[in-house]
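J.: Sending over a structure as structure tokens; questions will come in a sec.
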Amino acid sequence: MTSSVTPTRPPATLLFIFGGSGDLNFRKLTPALYNLFLDGYMPEQFEVVGIGRTAYTDDSYRERLLEGIDEFSRRKNGPENQWATFSPRVGYLQMDGGDAAAYHLIGDRVKAREADWGGPANIIFYMSVAPQLVPGIATNLSQLDFCGDKSRVRIVVEKPFGHDLQSARELNALLLSHFAEEQIYRIDHYLGKETVQNLLALRFANTLFEPLWNHNYVEYVQLTAAETVGLEGRGGYYEQSGALRDMIQNHLLQLLCMVAMEPPTSFEADEIRNKKVDVLHAIRRIAPDQVDQVAVRGQYGAGEKDGGSASRKPTPAYRDEEGVKPDSMTETFAAVTFFCDNWRWEGTPFYVRTGKHLAEKSSVITVQFRPAPHYAFPGAAAKSWQHNCLIISIQPDMNIRLRFQAKRPGQTLALDPVEMEFNYNTSFTEQQPEAYETLLLDVMAGDATLFMRADQVDEAWQIVMPILDQWAAQTDPASMPIYEPGSWGPDQSTEMIEKNGFNWMNE
Ligand SMILES: NC(=O)C1=CN([C@@H]2O[C@H](COP(=O)(O)OP(=O)(O)OC[C@H]3O[C@@H](n4cnc5c(N)ncnc54)[C@H](OP(=O)(O)O)[C@@H]3O)[C@@H](O)[C@H]2O)C=CC1
Ligand SMILES: O=C1O[C@H](COP(=O)(O)O)[C@@H](O)[C@H](O)[C@H]1O
């Protein structure tokens with residue numbers, strides 16, 4: 001998220017991707033870099049070096065990456081064969097990240113490129129590896145003499161950032177013993193999504209909504225990140241994680257911050273991050289004996305899902321998935337009620353939910369306004385006050401809808417809900433960049449606004465820890481609510497919100 005209207009090209013950059021042979025690089029990182037290149041945003045001088053233990057030559061590595069471009073990139077290798085221009089600037093280093101003696105290969109590569117390019121370059125280390133490898137790699141990197149150079153050396157750390165509060169603190173402490181905070185880019189890819197960044201524009205570039213944006217007018221806020229997919233081959237990781245750690249601790253709490261934060265005075269990275277951390281700080285801590293009142297978990301059972309055609313596909317229960325224990329207590333669905341105890345939001349609940357194998361893929365924020373203080377309309381018309389809301393669709397639909405009531409034409413005072421809609425696809429002709437394009441460009445440009453600072457990660461863990469601890473203590477497999485694949489999660493989720501007189505918005 002550059003603070004200038006037209007981004008300038010970052011300076012010369014050497015990007016090392018630990019985990020170059022892995023899934024994330026194949027599906028997301030290289031396609032993102034390729035699209036930045038096609039859009040003219042890559043530096044004039046750059047090289048991307050994948051690192052892994054798998055044996056690849058530069059050529060066989062490039063061939064493998066091209067498969068990823070053809071399958072996952074928003075722009076493929078077209079008839080002009082643009083890949084042929086991009087790929088010579090991609091290479092591979094076969095090395096084990098745990099082998100300290102091998103790191104001279106990185107030092108040699110940096111020296112060679114800087115000699116070619118005629119001066120110092122940005123050096124970026126992307127940790128696209130399992131989290132347990134990060135401390136060792138960071139420690140080995142710190143022995144390279146240039147690593148302390150705050151002006152041009154950065155380390156990007158993927159999620160999950162720790163497994164719990166303690167491990168996150170340990171990881172932060174270790175990283176901070178080798179790198180300065182401004183060198184560390186903790187990535188949360190939701191923050192790179194166009195529709196998420198647009199929350200700042202919606203709220204702070206308009207006067208329209210701000211007077212209403214508080215507990216006086218907002219009855220509640222709902223944040224949903226529903227997925228239709230299951231584990232996608234990531235059973236080993238997910239079994240240790242679960243929906244609360246995987247989505248709520250990071251992505252959904254970050255979205256909540258964007259909805260609830262105070263107006264920033266500038267778009268400086270620390271100004272935005274200060275305002276966001278204030279929200280996390282104000283979120284009410286959940287007492288252990290309150291967890292069951294405000295948090296619900298669930299796990300998908302066996303069932304059938306609509307495969308997008310008339311046919312329905314059988315799906316195994318979570319406990320029958322590869323890499324999952326048969327009596328697993330890992331939740332694939334979580335819903336939590338948060339309260340933000342500050343002047344703006346006192347008493348307004350924030351209902352947050354996420355899950356795998358749900359009815360729809362849809363990430364949506366709904367801001368529900370309070371009913372009008374007095375209805376002069378006849379009784380039946382007044383019933384539809386709940387239609388007074390702002391619906392912000394993050395993905396796959398990318399739109400904002402303002403729903404309000406209008407008089408039905410004719411000799412009647414009946415009211416019907418109607419919508420005004422802003423839709424990205426019809427309002428703009430520009431293609432939407434993928435989140436990783438925005439975030440990688442920001443790292444190269446040295447803009448940390450959309451990245452998590454250590455204190456944000458820490459606060460977010462503090463918020464979810466009571467729930468995690470309580471759930472960890474409930475070990476009877478029969479106590480886990482099971483939901484049907486293709487549904488909206490367990491009944492307990494509906495009950496959690498209905499007891500306050502509200503409903504989930506499933507659209
Ligand atoms: N995939 C995704 O969609 C997402 C992934 N992430 C995160 O990104 C990170 C990577 O995930 P993903 O790509 O899926 O994982 P993969 O298992 O596909 O890849 C892991 C990578 O780590 C490398 N690796 C493992 N051990 C070593 C070692 N000792 N030295 C050097 N490299 C090593 C592997 O290479 P080799 O075997 O060749 O050594 C491989 O390239 C994880 O932290 C994950 O949580 C985050 C969001 C989404
Ligand atoms: O970080 C993660 O996000 C994805 C969902 O990302 P999206 O951009 O498709 O909404 C989720 O599937 C995965 O489990 C999680 O680790």
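Placement of Cβ uses the backbone N, Cα and C atoms for every residue, glycine included.
All TrEMBL annotations are machine predictions without curation.
Copied straight from TrEMBL:
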| type | residues | note |
| --- | --- | --- |
| DOMAIN | 17-198 | domain 'Glucose-6-phosphate dehydrogenase NAD-binding' |
| BINDING | ARG53, LYS159 | NADP(+) binding site |
| BINDING | HIS189, LYS193, GLU227, ASP246, LYS356, LYS361 | substrate binding site |
| DOMAIN | 200-504 | domain 'Glucose-6-phosphate dehydrogenase C-terminal' |
| ACT_SITE | HIS251 | active site, proton acceptor |
| REGION | 299-324 | region 'Disordered' |
J.: Cβ distance under 8 Å to LYS159 (NADP(+) binding site), same chain, sequence separation 6 or more: which residues?
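T.: LYS159 (NADP(+) binding site) has long-range Cβ partners ARG186, ILE187, ASP188, ASN250.
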J.: Which one of the binding-site residues (GLU227, ASP246) has its C-beta surrounded by the most other C-beta atoms within 10 angstroms?
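T.: It comes out as ASP246.
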J.: Under 6 Å from ligand 1 by C-beta, which of these binding-site residues make it: ARG53, LYS159, ASP246, LYS361? Sequence order, please.
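T.: With ligand 1 as the reference and 6 Å as the Cβ limit, the list reads ARG53, LYS159.
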J.: Write out the long-range same-chain contacts of LYS193 (substrate binding site), meaning residues 6 or more apart in sequence whose Cβ is under 8 Å from its Cβ.
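T.: Same-chain residues close to LYS193 (substrate binding site) (Cβ under 8 Å, separated by 6 or more) are ILE394, GLN395, ALA435.
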J.: What is the total of other Cβ atoms whose distance to the Cβ of LYS356 (substrate binding site) is within 10 Å?
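T.: Other Cβ atoms found within 10 Å: 23.
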J.: Any of the binding-site residues ARG53, LYS193, LYS356 with a C-beta atom under 6 A from ligand 2? Give them in order, or none.
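T.: Near the molecule: none at all.
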J.: Just the number: how many Å between the Cα atoms of the residue listed as 'active site, proton acceptor' and GLU227 (substrate binding site)?
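T.: The residue listed as 'active site, proton acceptor' to GLU227 (substrate binding site), Cα-Cα distance: 14 Å.
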J.: Quick one: Cα separation, ARG53 (NADP(+) binding site) versus LYS361 (substrate binding site), in Å?
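T.: Given the Cα positions, ARG53 (NADP(+) binding site) is 35 Å from LYS361 (substrate binding site).
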J.: Can you tell me the mean pLDDT for the domain 'Glucose-6-phosphate dehydrogenase NAD-binding' (17-198)?
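T.: Mean pLDDT, the domain 'Glucose-6-phosphate dehydrogenase NAD-binding' (17-198): 97.
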J.: Would you give the longest CA-CA distance, in whole angstrom, between residues of HIS189, LYS193, GLU227, ASP246, LYS356, LYS361, the set recorded as binding substrate?
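T.: Max span of the substrate binding residues, Cα based, is 20 Å.
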